[in-house]
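Feature annotation from TrEMBL assigns transmembrane segment to 15-33, 45-64, 84-105, 168-186, 198-222, 242-266, 278-299, 394-416, 428-452, 458-481, 502-521, 552-574. Look at TrEMBL and you will find 23, 24, 28, 252, 284, 403, 407 tagged as Na(+) binding site.
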């Protein structure tokens, strides 16, 4: 099975850093804190850690073992186990290809924000003036300056997925820069990637640590941290909490894409991947918790800032309405004054339409955001209110860029490794990067963000569940758990213990089947798929249904990668049957001649 000419990592540390750089990505920063906020703060850590050990670590271990044993990319590795299973690797390649098409647009946004951070005043700090010079642009005034900068300046977004326009040249250039950087980092395979990961895997932690220290010094930061660590234990009775914990572990570790198999295929045959699987999984989950501390400190600062601004507006309103002395009402006695004025001047006070609940710190903290909304809007809003905001902006978007680049290295490696094994092209790295660049330019158009959302929501989730389910069932029941144990013993010098075997044969397959069924039922019962469209007249996002052609495209995305598994199996079966008959005919003819 081995390939003697195959290049190797310079040392095991490079492999671990490559896995960390790949697994620790944007989801740790913008998805996990959102789930923590949504599902009971610290209480969410209980199902999350349980799912890590029931599902995450065992499946991570399994993929590393397959890659290191077979020393091939995903297609070759699964075809080696059984020719009928080559489609599993092909499905991984197709899924990684879909991810590569749209993932680099996030890095393009990071570049855009990074370049715009080098200004005396951050461009999202205040609304631009309208053409008449009479006040702020109406769209920005109705939204916020950070929303306006993201939706109008960064995306120049259209009103719906059906309304298309030209390419945003600034975004297209940033997208080109993202792909040029990706190509330079993977052009020499593991020899170049192995050097780059020393930086992409470590520098984000430096920035996170700096942000943690700065975040804890911000006014109101501990309101957010207390919110995170105040568990709402009733959320543990909610099945959705457990499902989201399982899916977050699954996607955060990057299972099913073929990247882990590709990375492990460059290991020395006797490398201790068991220890590395545990270490990388724990680092990944630890980073999620660490990033949440930073995020909730920023949440607390932003929520406290908005809450106190709200109180200040009410204070000024009361002073002006009731003609009171400037220093008579303070933040500390505001609620007492509201009660007194409401009792003394009930009709006049009622016309102001304010209550004790008008300003609420908890409501501000409950405003959950995820994805680009968290990374590019909420963080930008907090950064603009910090002293030395340009410095914090540069640091943040460099970190975001490195997290995205690190994940891209794994995504592209998942494609080019099996293609190199098949000797598809002499310069397969250049071909893959150029193809993804050209096809991905559609995401830089005015409707591109809506297509980004389609790919982000539907291109990988369903197929990855299916791929990893087939992987674990294949290893446990087709390849055989006893045979797999012997392979591991051959590499490590000992067999896996009872924990790994129970997870692979019983627990992980049952969990994956449950998630798979839930996904299908949720998709069917969910009705017509919807998306958030930006309405510039209202200055906010509105829910719209996807048109028919988008629904058809979603269905094709869901089916295209999954169908690789049965179609490849049928193709192999047909070839074997055809050439088996041909071989028999040739044998009979030879006997007749003699």
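Here the Cβ of each residue, glycine as well, is placed from N, Cα and C on the backbone.
Mapped onto this structure are the features recorded in TrEMBL.
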| residue | record | Cβ neighbours (10 Å) |
| --- | --- | --- |
| 23 | Na(+) binding site | 27 |
| 24 | Na(+) binding site | 29 |
| 28 | Na(+) binding site | 25 |
| 252 | Na(+) binding site | 23 |
| 284 | Na(+) binding site | 25 |
| 403 | Na(+) binding site | 30 |
| 407 | Na(+) binding site | 26 |
Check the transmembrane segment (242-266) against each of 15-33, 198-222, 502-521, 552-574 and return whichever range has the most CB pairs under 8 Å.
15-33
One stretch in 45-64, 168-186, 394-416, 428-452, 552-574 has more Cβ pairs under 8 Å to the transmembrane segment (198-222) than the rest, namely 394-416
Feature contact check the transmembrane segment (394-416) with the transmembrane segment (15-33), CB under 8 Å, 3 or more pairs:
yes
Is the transmembrane segment (394-416) in contact with the transmembrane segment (84-105), using three or more Cβ pairs under 8 angstroms as the rule and ignoring pairs under 6 apart in sequence?
yes
Relative to the transmembrane segment (458-481), the stretch among 45-64, 168-186, 394-416, 428-452, 502-521 with the most Cβ pairs under 8 Å is 502-521
Which listed stretch (45-64, 168-186, 428-452, 552-574) has the most C-beta pairs under 8 A with the transmembrane segment (502-521)?
45-64
Using a Cβ cut-off under 8 Å, which residues of the same chain at least 6 positions beyond either end of the transmembrane segment (394-416) come close to it?
18, 21-26, 28-29, 73-74, 92-93, 96-97, 99-100, 103-104, 106-107, 110-111, 113-114, 117-118, 178, 181-182, 185-186, 189, 193, 196-197, 199-201, 203-204, 207-208, 210-211, 254, 257-263, 375, 379, 383, 428-429, 432-433
Recorded stretch that, among 168-186, 278-299, 552-574, has the most CB pairs under 8 Å to the transmembrane segment (428-452):
168-186
Would you kindly list the residues that approach the transmembrane segment (278-299) from elsewhere in its chain, counting only those six or more residues past its ends and only Cβ-Cβ distances under 8 Å?
16, 19-20, 23-24, 28-29, 32-33, 36-37, 45, 48-49, 52, 56-57, 60-61, 205, 208, 211-212, 215-216, 218, 221-222, 224-225, 227-228, 248-249, 252-253, 365, 374, 378-379, 382
